[in-house]
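Right, one structure below, let's go through it.
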Amino acid sequence: MEKSASVAALLLLLCFPVAFSGHDYGQALSKSLLFFEAQRSGVLPRNQRVTWRSHSGLNDGKSSGVNLVGGYYDAGDNVKFGLPMAFTVTMMAWSVIEYGNQLAANGELGHSIDAIKWGTDYFIKAHPEPNVLYGEVGDGNTDHYCWQRPEEMTTDRKAYRIDPSNPGSDLAGETAAAMAAASIVFRRSNPAYSRLLLTHAYQLFNFADKYRGKYDSSITVAQKYYRSVSGYNDELLWAAAWLYQASNNQFYLDYLGRNGDSMGGTGWSMTEFGWDVKYAGVQTLVAKFLMQGKAGRHTPVFQRFQQKADFFMCSLLGKGLRNIQKTPGGLIFRQRWNNMQFVTSASFLTTVYSDYLTSSRSNLRCSSGNVAPSQLLSFAKSQVDYILGDNPRATSYMVGYGNNFPQRVHHRGSSIVSYKVDRTFVTCRGGYATWFSRKGSDPNLLTGAIVGGPDAYDNFADRRDNYEQTEPATYNNAPLLGVLARLSSGHSGYSQLLPVVPAPVVRRPMPIRKPKVTSPVRASGPVAIVQKMTSSWVSKGRTYYRYSTTVINKSPRALKSVNLSIKNLYGPIWGLSRSGNSFGLPSWIHSLQSGKSLEFVYIHSTSPANVAVSNYTLA
């Protein structure tokens, strides 16, 4: 059997040579974001791009006296599970925090932010009181008994909550992490909303920490589907890490330092990361804080966190003491059911850790010796390339990407004719008889969905009833946003700005290097741009620089308008008007005459931003 399988795999390789050419990560990124629109519950917006979907779940929460309309369906069913939904939002936010510039360069930053806000808007509704959080709408048992479109489901929509008498520290902690991470995303574009999210995050963390318990002991209907095997200590540390990153409040850094050992943050040597087990994510974030020189008196504890982060990374590369299993085709393999969730989340951690180490000029420390950070990014690329088609089956496990992808996805909405096309009522059991059992392709393309993926031997069966391999999930896609954005920028352009000053553990002070400033002239047609650094100063151990940038009209005609693209900007800017991700003439300048110039300034703690002309109009 093994020999024949190998021959079959070889034949597949020969039949699909195109799948092994370079991948369009930007296209894959755009498609992956569409999947979140297909998973939306509630009243869909006018700019909804997945047009075969319609409004659904419009009475969610009504029987409990609360408005729970909105949020995401987790996978191929019509239940809203709070724990995986919160993890999904946390990972989308982390992707934007680390790779927002790359997302913007691909034209997907706006869609990413919209996807995050769809989740956080729901969490605000689900958290009506400081110590109350609704963690599920619908239940898996009744939902899985039926095969219906979300637009007309007849299943029970009961809402389940946690409170002081029925605690759920893991659920509240993960939701606090999601709100805190998202508050960073909205800090500039929507400061009021950012503050609101942070307020909810504070309250949720306090609730989680004060009233401790596993959420699935309170919301027992979740046990069969999203049991919290790891308990809640990892989510409490995870939430504290995100709250520190969002608020810079020393309390949360101290929480990590005081509880890192007792709560398992420095003790667990992990080989997985996902919606249940957060330890590897915590260890990665705390290692970042250590590299940033923020550990202070907690340095010994944070170093132990980093050792565990290194353990996780080394195990993925096959250079550790206990290495993660891989398929013959090179995909990391954790379990039969939806293995791809672990692939995408691990790929994200290796991607950011590679950039953290590169920024701090460090190597990965494995039992076999030091490893260059670039190997971590190469590993992430190998996993993404496998997903997109570089595998023994030459199958793309992203629906709609490439020429050979799953056609019979285990997904109710995708597998039943669109409600907009045919409003004939699909009954609970009739959906199984008419649509679930169909051998044909799905009538609605679930573009961008990452399905569960192959087994331990790279085998995959494209059948709707094969839920272990063909069911997608939001938490499969969420970590991939950052990885695809990073890969689309090539092997440069990472934006993890670690401080140029040394960490406190380094006794010998290192010289502060002023960034190299080139005075162009960078020109785009008749518009020239000149940058220069005008001053610098040190505040709280970090060096800040003031840059003056001059835009010159070299045309014999007046410049009526100009749009500038400014990348790698990490501080305030003055002297330009802003619209979304584009910058233009300030409101007090209606045109720039021939030979004239305007100046704008910005302040941040690194090399000059990348300023370029997107377009312009001459009089």
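Here the Cβ of each residue, glycine as well, is placed from N, Cα and C on the backbone.
What TrEMBL says about a protein is an automatic prediction, not a curated fact.
Annotation comment: TrEMBL describes HIS410 (among others) as active site. Remark: HIS410 (active site) has GLY76, VAL451, ARG464, ASP465, ASN466, TYR467, THR470, GLU471, PRO472 as non-local neighbours, by Cβ distance under 8 Å and separation of at least 6 in sequence.
According to TrEMBL, the feature active site maps to ASP462 (among others). Counting every protein chain shown, 17 other Cβ atoms lie within 10 Å of the Cβ of ASP462 (active site).
What TrEMBL records for GLU471 (among others) is active site. The local packing around GLU471 (active site), expressed as other Cβ atoms within 10 Å of its Cβ over all shown chains, amounts to 21.
The domain 'Carbohydrate binding' feature in TrEMBL is assigned to 527-607.
Feature annotation from TrEMBL assigns signal peptide to 1-21.
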Quiz item: Per DSSP, what is the residue tally for the domain 'Carbohydrate binding' (527-607) in helix, strand and coil?
Solution: 0 helix, 51 strand, 30 coil
